[in-house]
Amino acid sequence: MASVQQNGQRFGVSEPISMGGPTEFDVIKTRELEKHLQDVGLYESKEEAVRREEVLGILDQIVKTWIKTISRAKGLNDQLLHEANAKIFTFGSYRLGVHGPGADIDTLCVGPRHATREGDFFGELQRMLSEMPEVTELHPVPDAHVPLMGFKLNGVSIDLLYAQLPLWVIPEDLDLSQDSILQNADEQTVRSLNGCRVTDQILRLVPNIQNFRTTLRCMRFWAKRRGVYSNVSGFLGGINWALLVARICQLYPNALPNILVSRFFRVFYQWNWPNAIFLCSPDEGSLGLQVWDPRINPKDRLHIMPIITPAYPCMNSSYNVSESTLRIMKGEFQRGNEICEAMESNKADWDTLFEPFAFFEAYKNYLQIDISAANVDDLRKWKGWVESRLRQLTLKIERHFKMLHCHPHPHDFQDTSRPLHCSYFMGLQRKQGVPAAEGEQFDIRRTVEEFKHTVNAYTLWIPGMEISVGHIKRRSLPNFVFPGGVRPSHTSKGTWDSNRRSEHRNSSTSSAPAATTTTTEMSSESKAGSNSPVDGKKRKWGDSETLTDQPRNSKHIAVSVPVENCEGGSPNPSVGSICSSPMKDYCTNGKSEPISKDPPENVVAFSKDPPESLPIEKIATPQAHETEELEESFDFGNQVIEQISHKVAVLSATATIPPFEATSNGSPFPYEAVEELEVLPTRQPDAAHRPSVQQRKPIIKLSFTSLGKTNGK
């Protein structure tokens with residue numbers, strides 16, 4: 001492998017952690033990894049690769065014909081008509097070289113000043129494409145944050161963006177990496193160009209492109225298997241994973257992919273968020289475009305997992321991440337680190353790392369969001385809108401109830417027996433380490449109604465677009481969420497996660513004080529009434545009720561919520577810094593209290609194991625300490641839909657490794673104390689918004705049951 005030190009070049013904003021080269025063991029493990037990635041079908045065939053190149057050539061000729069047509073229609077002189085040109089660029093996974101079979105190709109059409117987006121791109125070009133027999137499934141999205149047209153050309157999926165440059169002629173050798181190309185460009189053009197500029201810059205900033213590609217393929221596959229690959233759901237998308245992998249490649253420039261994967265988990269499991277990830281020092285530029293800078297922009301201080309793009313204007317590519325999704329990803333990084341350490345002693349293999357996360361076994365309680373529409377086209381539009389808003393439900397629950405965590409599933413589910421309908425699910429559980437009280441109530445009616453009001457404010461809403469939100473127990477999950485539509489007869493056994501859960505249960509049940517508390521809670525609960533679970537028996541009444549638009553008689557609904565550790569502990573100042581951020585770091589200290597009607601009783605405190613730390617070498621010089629407080633309200637548009645008033649604390653720029661919670665079971669979802677959340681009888685709202693039918697709202701009541709009752713259905 002070529003060393004980056006052969007020419008004295010340094011990559012990134014800090015010195016590498018290690019310049020060590022590969023060992024024979026690394027070569028073997030990397031070959032095993034590459035074979036595994038091939039066996040699971042992550043590489044396209046040579047025939048498909050050739051077909052993609054042919055399709056891109058056809059698309060380039062289409063846009064060149066289009067630009068000649070509109071130039072002639074607008075009466076340009078003969079010279080400009082002769083030189084009229086448009087050009088196709090690629091970006092995303094295809095440009096990075098990590099796309100798989102059947103993946104979309106992200107493309108950008110760059111056109112001259114006289115070819116407008118509204119009238120020409122979404123006008124004449126859209127008309128031309130619609131009349132071509134080789135073009136199918138044409139879906140223009142002119143109102144998107146980054147306007148695009150999606151379609152298939154000869155069976156290959158294309159996402160086509162448009163950038164209108166203030167040039168009369170687009171040269172065939174146009175270089176998009178020059179900042180001057182952004183001068184006098186409109187905002188939508190800047191955003192459209194950003195994909196290509198960022199992708200190309202990533203490839204320039206990694207020491208070895210082939211090692212980067214193999215590692216990124218691995219991490220993308222791992223993230224999808226573990227359910228943390230989705231920008232819209234609050235996790236990380238393709239560009240985010242690419243930036244994180246590129247940073248690891250910079251820190252270990254001579255390492256093979258097996259080491260890069262291992263160090264990925266080791267570094268980011270210990271990373272002290274919200275310290276930002278940079279591939280290069282941010283360029284403030286000379287064009288006056290806004291860049292990510294928490295020293296200047298107060299709202300940038302609210303980003304909890306900033307991963308900054310390397311091309312001007314630098315932006316936070318991960319502003320969608322929430323407290324809950326960050327907690328989930330940190331748990332997954334910890335799990336990955338443990339498995340990679342086990343692999344070094346041959347106690348685990350790549351199959352172990354890529355075990356899919358059993359989402360529908362991880363929780364006892366879920367929120368089910370059902371949507372439907374009148375026809376396929378309406379459902380496609382409605383689905384896209386609802387997916388973009390689901391993150392708001394997670395944020396609202398986090399904001400209103402600081403002790404509850406939401407885990408959104410990144411994909412939708414289709415019930416084949418119900419056409420024009422799909423469902424989304426969120427796991428619910430309570431933070432560990434938060435004092436809890438029997439009988440404590442959480443009125444989530446307002447939260448659900450706020451979310452539904454936001455969704456129903458869709459500007460393209462038409463009758464037939466419906467949404468309902470309800471609670472469902474694990475034992476009542478519909479069969480269509482399981483592979484093949486068949487509910488498994490038992491939970492997963494023999495996996496890394498299940499073994500960790502078993503170990504954790506054994507350690508939990510050995511605690512005498514906890515057992516005493518449990519007995520008291522169970523005896524008090526058994527007096528509550530015939531609807532209470534006794535000895536693990538199911539309630540006689542239904543425990544999965546959907547909050548639809550149809551008025552129904554009130555029912556009690558039980559929701560079990562495991563308690564888990566708070567992630568908000570202060571970092572350990574004695575541990576070596578691994579921060580490489582060239583900026584100071586910020587986070588919010590805003591607080592939100594639960595809506596409670598009854599005073600808390602029998603507060604149970606759960607102790608945590610003493611923290612451990614796993615230090616690694618410093619990779620940057622700590623910066624000066626700075627403290628600042630702000631009190632402002634910000635409107636975040638698409639990032640946070642409602643105004644928030646926060647008291648923001650500016651953290652020390654010296655990054656330290658956060659405490660390691662030894663209570664983890666190898667999964668971000670510890671199985672400890674189990675709570676029962678019961679929905680109390682509710683009244684119908686006085687007024688209903690669109691849709692016109694009124695909807696019930698749930699009140700959730702918490703009461704504790706057995707600590708050892710963690711696998712009950």
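Just so you know, glycine gets a Cβ as well, placed from its N, Cα and C.
Sequence-distant neighbours of Ser93 (ATP binding site) (same chain, 6+ apart, CB under 8 A from its CB) are His99, Gly100, Ala103, Asp106, Arg220, Gly238. Per Swiss-Prot, the feature ATP binding site maps to Phe91, Gly92, Ser93, Ala103, Asp104, Ile105, Asp106, Asp159, Tyr229, Gly238, Ile239; the stated evidence is similarity to another entry.
Residues annotated as Mg(2+) 1 binding site in Swiss-Prot: Asp104, Asp106. In three-state terms derived from DSSP, Asp106 (ATP binding site) belongs to an extended strand segment. Asp106 (ATP binding site) is surrounded by 24 other CB atoms, counting those within 10 A of its CB over all protein chains shown.
According to Swiss-Prot, the site 'Interaction with RNA' annotation covers Asn320 (among others). For Asn320 (site 'Interaction with RNA'), the Cβ neighbour count at a 10 Å cut-off comes to 24, with all displayed protein chains included.
The feature site 'Interaction with RNA' is assigned by Swiss-Prot to Arg391 (among others), with similarity to another entry given as support. Taking the Cβ of Arg391 (site 'Interaction with RNA') as centre and 10 Å as the limit, one finds 25 other Cβ atoms among all the protein chains shown.
The site 'Interaction with RNA' annotation in Swiss-Prot covers Lys396 (among others). In this structure, Lys396 (site 'Interaction with RNA') is part of a helix by DSSP.
Residues or ranges marked as region 'Disordered' in Swiss-Prot: 480-555.
Look at Swiss-Prot and you will find 507-526 tagged as compositional bias 'Low complexity'.
There are 15 other Cβ atoms within 10 Å of the Cβ belonging to Asp104 (ATP binding site). Pairwise Cα distances among Phe91, Gly92, Ser93, Ala103, Asp104, Ile105, Asp106, Asp159, Tyr229, Gly238, Ile239, the recorded ATP-binding residues, top out at 19 Å.
A count of other CB atoms within 10 A of each Cβ picks out Phe91 as the most crowded of the binding-site residues Phe91, Tyr229.
In the three-state DSSP classification, Phe91 (ATP binding site) falls within a strand. For the pair Tyr229 (ATP binding site) and Lys396 (site 'Interaction with RNA'), the Cα-Cα distance reads 22 Å. Geometry remark: Asn320 (site 'Interaction with RNA') versus Arg391 (site 'Interaction with RNA'), CA distance 8 Å.
Lys396 (site 'Interaction with RNA') is surrounded by 22 other CB atoms, counting those within 10 A of its CB over all protein chains shown. Cβ neighbours of Ile239 (ATP binding site) (same chain, under 8 Å, six or more residues apart in sequence): Gly92, Gly195, Val198, Thr199, Thr309, Ser317.
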